[in-house]
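Record features, source TrEMBL:
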ACT_SITE  Asp366  active site, proton acceptor
ACT_SITE  Tyr456  active site, schiff-base intermediate with substrate
DOMAIN    73-153  domain 'Copper amine oxidase N2-terminal'
DOMAIN    163-262  domain 'Copper amine oxidase N3-terminal'
DOMAIN    287-619  domain 'Copper amine oxidase catalytic'
MOD_RES   Tyr456  2',4',5'-topaquinone
Amino acid sequence: MESSSIFRLAFILSIVIFLLTHSWFHLYKTSLFLSSKTNFPPTFKTRKTKFDSVLETPIFKVKNTFNSSPSYPLDPLTIQEINKAQIIISSYKPFLGSFPSIRSLSLDEPEKIQILNWKYGDPLPPRRAFVIAWANSQVHLLIVDLNLGQVISHVQNPGSGYPPISIDDVRVAIRATLSNEEFNKSIVARGVNFSDLVCTTPSSGWFGPEEEGKRIMKVRCYSSQGTPSFYMRPIEGLIVTVDIDKGEVIKILDTSPKIPIPNGENTDYRYMSQDKPPEMKPLNPISIEQPKGPSFTIENGHNVKWANWDFHLKADQRAGIIISRARIRDSETGEPRSVMYKGFASELFVPYMDIDENWYFRSYMDAGEFGLGATAMSLVPLNDCPRYSYFMNGLFVTADGKPFVQPNIICVFERYAGHISWRHSDLPIHGFEERIRESRPKVTLVARMAASVGNYDYIFDWEFQTDGLIRVTVGLSGMLMVKGTLQNSTNEDDIFGPLVSENVIGVAHDHFITFHLDMDIDGPINSFVKVDLVKEENPSAKTPRKSYWKAKRKVIEKEKDAQIKLKLYEPSEFHFINPLRKSRIGNPTGYKIVPKGNAASLLDLDDPPQIRSAFTNNQTF
């Protein structure tokens, strides 16, 4: 009896242990699945500040529709479609010997007229992929018809230039550098431990016909000793040039071995490493509450609806964010009225103002060479995006044509920053004693992405207002690209930038961000109108006023005439109008484009970086 009881007890305990182990293993597998698929921040539930102020769990949604079938003609390619495109390319006759290096694989969008005529319930236009590939030292542009299962267009070497830089290019350049004996001797001579060595591959730019036919990359290295911010510790005067196609070093420039590597002290940018005096009290946490939840909805993963707006939103490997089919509902008639067919950042040109042989080539095209979407990192809930944000993933491809998901690279949220949308007050005056005070809070909808291109972070915000305004802002964050120097004092001559710390120069440079805007004001038939504000003299002696200005409108008929340089003392406005649609009083409907924060490039027109970025010769084109 006693032995049977012991047996029953042992049996029950074994069952309990099995259940507990199974439950733990199931939870462990689930946590692994969540961390690998949705990439939730590990401290997201009870994140604390340095001062132990607990921030509550953020309420947000993550949507991944890449395994679903597309529901709209502009929806990005799905995982299944990318896999199908990869199979089609691998069996395509010109690539049977070896698979090309895929630099971009995205939706080949249908013609605009097809999109405008398409309605929900209609069959989707043929799904096609536009591919940029590199093979046999040539650029290949392909259009793959996913419905037919074949390549329907193939163009080789369509013009000058090269495809985007891939991670494989970076690996080739760094591998060739680290295996070069002359380079290794230079590193040892500078007293840098190889365990502290960090090498990057800034693009080489373009500097004349002698570079045609070669894909070269420059390699610049840093010491990470004593700091996670290796950008602050450049190994100055050492540049390696690598032929990417051959995978070999073709030149080593070692000009300044005596320039010290800047000290890494106080360069740790992480918040927990910041030492603040006790007098600097932390700010109390701020949280925007939405007890009824957000006012926007996102249908089928990409169609955003908010207030009187609706638009299509997706991530793009080059442009980052693409806004399409932006429409606003008429507040009087309820009619949906088109505003913009498509808008995105088309290029980001960053030339550095240093003509030294170690620096002259630094003239980056951050969108075309690196990709604003490809370099976008996961946004951090609460810090990058507020509570009640909706997060979207990006789907891109590796060099071998396989899909990969970059989680949480776009967030959509409502913004209220205490600003006023509109207000007016009337003071009581004789005959009108009623006091009127009208004030309305400004709540907007924001679609955000942050691209981390090397040392800089660019925060792109597309902001929609209830009054119909669209505002695009770009925030610049991250850290400077610096140059090591022998200088220690601001009294010494400084040629290419200010001294920002001991032995560190912040090299002067520009950031030119260009946007593509395809406006469709009440339809696709639009005119571009330049409105000059012209000073007029007062011909009358009836008042003491001497002058005034008036608006003179001119419809631009040629593309060349739309290449405009902004001039402070010759101010102009730029309107997109629909000449076929009038307001109640007869004015054509339209939008005003307001360029902000503009500057002209000061480079010579025949300077190679300016030749490559000739679009910066004008502010509107």
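Residue numbering: from 1, along the chain as shown.
The backbone N, Cα and C atoms fix where each Cβ goes, and this holds for glycine too.
In TrEMBL, annotation is done automatically, which means it is predicted and not curated.
Remark: secondary structure over the domain 'Copper amine oxidase N3-terminal' (163-262) totals 30 helix, 30 strand, 40 coil, with classes taken from DSSP. In this structure the C-alpha atoms belonging to Asp366 (active site, proton acceptor) and Tyr456 (active site, schiff-base intermediate with substrate) are separated by 10 Å. Mean per-residue pLDDT, taken over the domain 'Copper amine oxidase N2-terminal' (73-153), amounts to 96. Residues in the domain 'Copper amine oxidase N2-terminal' (73-153) partition by DSSP class (helix H, G, I; strand E, B; coil) as 21 helix, 29 strand, 31 coil. DSSP gives the residue listed as 'active site, schiff-base intermediate with substrate' a strand state. Other Cβ atoms within 10 Å of the Cβ of the residue listed as 'active site, schiff-base intermediate with substrate', summed over all protein chains shown, number 20.
Annotation note: Asp366 (active site, proton acceptor) sits in a helical segment as assigned by DSSP.
For Asp366 (active site, proton acceptor), other Cβ atoms within 10 Å of its Cβ number 22.
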